[in-house]
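J.: One structure coming up, written as structure tokens, with questions to follow.
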Amino acid sequence: MSDSSPIRVGIVGARGHVGAELIRLFATHPRFTLAYVGSRELAGQRVVDHSDAYKGDLRYTSPTNAELPTLGADAVVLALPNGKAADCVAAFDAAGADPVIIDLSADYRFEDGWYYGLPELTRDRYAGQRRISNPGCYATAMQLAVAPMRAHLDGAVQCFGVSGYSGAGTTPSDKNDPDKLRDNLMPYALTGHIHEREVTRQLGHAIEFMPHVAPHFRGLTITANLHLSAPMTRDQVVAIYRDAYADEPLVRVLDEAPWVSRIAGRHHVEIGGFALSDDGRRLVVVSTEDNLLKGAATQALQNLNLAFGLAETTGIPLVAAS
Ligand SMILES: NC(=O)C1=CN([C@@H]2O[C@H](COP(=O)(O)OP(=O)(O)OC[C@H]3O[C@@H](n4cnc5c(N)ncnc54)[C@H](OP(=O)(O)O)[C@@H]3O)[C@@H](O)[C@H]2O)C=CC1
Ligand SMILES: CC(=O)N[C@@H](CCC(=O)OP(=O)(O)O)C(=O)O
């Protein structure tokens with residue numbers, strides 16, 4: 001493949017909130033080009049009628065799993081609900097096809113054979129794997145908020161999470177019903193959320209996670225409560241975060257606590273606040289991200305860029321820090 005040849009990508013689950021963001025990113029990417037976009041509900045319809053970013057002639061199709069390997073994509077992004085990826089993966093295995101597969105769901109995040117792609121924390125472990133599991137949206141914000149302090153923790157970290165309702169996907173439920181969310185904050189899965197296990201496993205440190213969903217559409221906030229093994233000053237803490245993320249274009253360390261209203265539509269994570277108790281033994285850190293972007297589609301693109309030897313932020317529109 002020459003340096004400028006197109007890399008063909010297929011999206012399975014392209015009608016969803018994440019699928020729509022993936023189409024937008026691939027539409028303007030210098031190397032990736034859409035080979036197919038799969039949706040049962042939109043099959044036959046033109047992508048241009050659903051995406052203001054896409055300019056070509058492609059229409060949504062609804063291939064069976066068995067047909068997927070015959071469509072000839074170099075990479076396949078699975079943006080399906082949880083529990084649906086395995087049948088697609090099995091179809092590629094059965095056909096002896098080995099495209100790069102990125103799964104956005106929770107299905108392979110605990111599989112040792114798959115690379116867990118949270119680039120800022122795991123890219124050193126990338127060694128050409130062709131099966132990549134994309135982290136959960138809350139799990140991304142929690143890990144980036146806690147990881148720099150891993151060596152200084154004493155006991156479990158508590159994370160209070162609030163997500164916009166796009167996090168709950170398009171299948172109707174209380175968690176994406178604007179009427180039930182109006183003037184409301186809806187707690188759910190207060191113990192044992194899958195992202196609690198995901199972060200605990202990845203950080204090798206206990207995390208206690210309490211998620212909520214709110215009336216806004218996109219963007220999530222994590223407020224993390226960290227007990228420290230020895231007293232620290234705020235300056236020490238801020239220096240640790242600034243040092244950890246100094247070379248990371250998709251992580252911005254702020255002095256103040258970030259607001260979710262400022263992160264919607266942006267591709268990076270913001271981390272700030274850094275409030276210390278009077279005894280210097282308890283630290284509260286706040287992180288925000290757009291759940292559909294750094295929490296899903298943008299991170300998938302970072303992982304795809306890495307897998308194809310491109311600069312990790314290729315095709316990711318970064319806005320300068322204000
Ligand atoms: N939303 C978010 O903030 C985040 C989501 N994720 C994960 O990304 C994945 C996609 O999320 P999201 O876009 O929000 O989900 P949506 O519910 O918005 O979209 C799901 C997609 O899958 C297709 N689909 C639904 N049911 C089935 C089925 N039974 N078989 C085959 N296709 C099906 C739908 O298209 P059609 O019915 O037309 O075929 C649609 O394109 C999920 O696994 C989610 O957990 C990860 C991080 C953040
Ligand atoms: C508000 C809301 O419902 N959010 C989803 C998380 C979205 C996400 O990252 O989901 P996966 O781990 O399934 O990929 C949830 O809590 O299940």
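Each residue's number is its place along the chain shown, starting with 1.
Positions of Cβ are set from backbone N, Cα and C atoms, glycine also.
These came from TrEMBL, pasted as-is:
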type     : residues : note
ACT_SITE : Cys137   : active site
DOMAIN   : 8-129    : domain 'Semialdehyde dehydrogenase NAD-binding'
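Surface or core, plus neighbours and distances: that's what I need for these features.
T.: Every protein chain considered, the tally of other Cβ atoms within 10 Å of the Cβ of Cys137 (active site) stands at 27.
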J.: Going by DSSP, is Cys137 (active site) sitting in a helix, a strand, or coil?
T.: helix
J.: Within the domain 'Semialdehyde dehydrogenase NAD-binding' (8-129), count helix residues (DSSP H, G, I), strand residues (E, B) and coil residues, in that order.
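T.: Going through the domain 'Semialdehyde dehydrogenase NAD-binding' (8-129) residue by residue, I get 39 helix, 26 strand, 57 coil.
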